[in-house]
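Let me begin by presenting the structure, written as structure tokens, before commenting on it.
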Amino acid sequence: MHEYSIVASLIQMCESHAKEHNAASIAKVCIAVGERSGVDSALVKSAFETFRLDSPLCQNTILEIQSQSVELECRDCGHYFQAQNLTYSTCPQCQSHNVIIAKGKELHLLSLELDIQS
């Protein structure tokens, strides 16, 4: 369940940004989870709901998770495309089998909404 360590790191990163900007709290965290990242979005959500309670800055934080679809790249012609079958894909442009996953393996912090009181 590496999702727990991912969420712990995510909360630490968010707290660091919040403190850097003198935020009173973190209103919203938005992340993107790639379809082939190996991360279970439901477990991330569950872990976040638990761990946020231990953070004074995240007590009422909303977590928004966006799914990032897989995009493949042909290493022969450079064409980017989405495929139905990710275990075996052929470039629709040049019919090459020399393709790699270009997007969809990552987990990104997209945005933070901070409550800043002056």
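Any Cβ shown, glycine's included, is placed from N, Cα and C.
The shown structure was predicted, so the numbers you read here are calculated from the model rather than taken from an experiment.
Swiss-Prot lists His2 with the feature Ni(2+) binding site. Look at His2 (Ni(2+) binding site): DSSP puts it in coil.
Counting every protein chain shown, the Cβ of Cys74 (Zn(2+) binding site) has 22 other Cβ atoms within 10 Å. According to Swiss-Prot, the Zn(2+) binding site annotation covers Cys74, Cys77, Cys91, Cys94, on the basis of sequence analysis.
The Cα of His2 (Ni(2+) binding site) lies closest to that of Cys74, out of the binding-site residues Cys74, Cys77, Cys91, Cys94.
Counting every protein chain shown, the number of other Cβ atoms lying within 10 Å of the Cβ of His2 (Ni(2+) binding site) is 10.
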